[in-house]
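Written below as structure tokens is the structure these notes are about.
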Amino acid sequence: MTEPITPEIVAQHGLKPDEYQRILEHLGRTPTLTELGVFSVMWSEHCSYKSSRVHLKTFPTSGPRVLQGPGENAGVVDLGDGLAAAFKMESHNHPSYIEPYQGAATGVGGILRDVFTMGARPIASLNALRFGDPSHPRTAYLLEGVVAGIGGYGNCMGVPTVGGEVAFHPSYNGNCLVNAFTLGILPADKIFRGTAAGVGNPVMYVGAKTGRDGIHGATMASAEFDASTEEKRPTVQVGDPFMEKLLLEACLELFQTDAVVGIQDMGAAGLTSSSVEMAGRGGNGLDLFLDQVPLREEGMTPYEILLSESQERMLLVAAEGKEELVRSICEKWDLDVAVIGRVTASGRWRAHWRGAVVADLPVDPLTEGAPKYHRPMTPHPALPALHAFDLATLPEPADLGAALVRLLARPTIASKEWVYRQYDHMVRLVGAVRPGGDAAVVRLAVSHDAHAHKGIALSVGVNGRFCFLDPYLGAMHAVAECARNIACVGGEPIAITDCLNFGNPEKPEIMWQFAECVRGIGDACRAFGTPVVSGNVSLYNETEGQGILPTPTVGMVGLVEPVERTCHSTFRDAGDVIALVGSLQGEVGGSEYLSAEHGKEAGRPPALDLAREKAVQETVRRAVRAGLLSSAHDCSEGGLAVALAESCMMHEVPSDGSKPAWIGCAVRIPFPVRKDFVLFGEDASRILVSLPKENAARFVDLAQQCGAPVIRLGAVGGDRLEIQGALSVPVEELARAWRDGIPAVLRRDAAHAGATAPV
């Protein structure tokens, strides 16, 4: 007997009453429970982008290097000489909060599949992580679990994690963020897409068996958390990186044949989403025969088979007559493989089970016909008072040196060495610079010797405080800082991906934040010539009604040529000249200093002049390529004083356990406003450089040609950071505070009896 569809069942599936009414209108009848489950996942925010799609369409998505823009598993850009890069960033926020190790691990697995589904071999990963207040009882538990999950999966796959960012803020206490980025390399003329083309072609299942893990994961990722969060552990997928490694190699071998017509990762919403999306892109129908799906558990129902999010699975459309070729390659790699369906001309998506049709739905309402909302928007009501706050009324610290030490110990600013030492960043020997700098640089020579002179620069980042205080400007800052980081290693930005993390879009102030951030990213990308080629939206990042800071993470890719001429972020030689490319405004609105020293998150983010920003970047990029610089370091969180301190400290402790290496500096800074504002303000468009004295005149000439201001500050040398008239601190003391920031979080947690306290 068919189970009746009640309002309670509709609500359990995350559908609103008006959405269910639309389903009835599309079908002209009551859906079965299986069909309701299909609509539930396909109309979830995670799959349909129903609240965000109207805004995302405003992004610039085309350009001379774009080979594949948004809408596929990953974006693809042309690197020249017949080579291309596929890349994307994806969130796994909700699963990682519920079960941090598996949530983060399967997030890595999912983004790797997105990239190699395009025909690319993944060569590098990054991540952008957000955790709650360091003193919160759950923060260390999540930090340890997430980092272990990322390292555990990526290390087993043999894909190096070469960079990223980690930040802490109380708004993430109940909702951590795990944004995973992967880039792969492929021939520019061999891109594979997720389309069900060719009526009569077989639909084949490849990979791990299907179990009950992850059922309704997409729906869970489209809802707020509450007191029942711990009960949602069964919706978190379980990953097997060794199975994924076999799947990767099998797919890359299949791509060398003529057997693959289309291929799609079974990610969110599993077999349902992958098959529906392939049918939608191909403009065709699809018949699935669920009896043929390889199962890991007994007694699974069609509903469970279709909605399972078991990992390490692919759906491919093979050329008719090539089934045995696909089968032989997959069996060679010890993978399950089965023909489970056919492409049809019906325009309908059908699922068969034991001789009966258990779902028969038109494809269009599940894809392009899904709801699209123009939700109400209004500025956040707290902003006028925050903008009006008089920063000049704040007291100046009595000891600026002590303030700098405290700032360096803040986990957001502190060394991330504890994190990246758990990642195998040396595997495949692609890294041209070690983790800890402004941008990661990977060589292409390991995979393609003919391209030995080329490298790729990678950067991820965003400042959530800036985006809260001014979403439009904050989002522009995210793009500008990623581009600045790439300029610091001599790279030319070419494209971005994004991961847009926000709270509940049904709240007008959250929807306004989202729309303004999208507008800011779009305008900045147009200015830098960096189209948006892929991305992800993660909404409902709220717990008990408390939302996260708006966090539109940007991941940028740049071309470094020649890769031998890249640059590091730390001072190198005593006697080198230190200079600031940019100006000194002392803008502390939304800064880490304001929060750390005064407990305030107020004011406006620093002004951003895109013409000035581009001039600063062009100056440094050309100087790096000309070999003029010893170091280049972006001034961001913590301002100029933190940038100077970081430049004094090595990012790697010697493996023999000897005293860490560092070098001091002595500088004289003009103070147009209060000293603390100049030292710790996070003014935009600034890069701190060091260079041999003999290169100084050429560098100043270059800056003048590019239209960028340069301020000569002082020289590298000694064992103290000395800022005349402001502070003098031993670099050893700075390094001790900086290196201990994150270990201190873990020690604090160990001191609590309830280290893994429930939510």
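Note: Cβ is positioned from N, Cα and C throughout, glycine not excepted.
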_Suppose a student reads Swiss-Prot and sees S91, H92, N93, H94, R113, Q237, E309, S310, Q311 listed for substrate. Which of S459, S534, S538, S569 should they find annotated at that same site?_
S538
*Can you tell which of D18, D498, D523 Swiss-Prot lists as binding ATP with Y49, K88, G535?*
D498
*Are there any residues in the same chain, six or more apart in sequence, whose C-beta is under 8 angstroms from the C-beta of Q311 (substrate binding site), and if so which?*
T106, G109, G110, A208, D213, G214, Q237, V238, G239, D240, M243, E244
*Check H46 (active site) against DSSP and tell me helix, strand or coil, would you?*
helix
*Just report the maximum Cα pair distance in Å for the recorded ATP binders Y49, K88, D498, G535, no decimals.*
17
*In whole Å, note down how far the CA of R113 (substrate binding site) lies from the CA of Y49 (ATP binding site).*
21
*substrate site residues S91, H92, N93, H94, R113, Q237, E309, S310, Q311, S538: biggest Cα-Cα distance, Å?*
20
*asked:* Restricting to the chain of H92 (active site, proton acceptor) and a gap of 6 or more, list residues whose Cβ falls under 8 Å of its Cβ, or answer none.
replied: G103, A104, T106, G107, G110, V178, A180
*In terms of DSSP three-state secondary structure, what is the assignment for Q311 (substrate binding site)?*
coil
_Rounded to the nearest Å - Cα separation of R113 (substrate binding site) and H46 (active site)_ = 17
*Could you state the CA-to-CA distance between S91 (substrate binding site) and D498 (ATP binding site) to the nearest Å?*
10
*E90 (Mg(2+) 1 binding site) to G535 (ATP binding site): how many Å between their Cα atoms?*
7
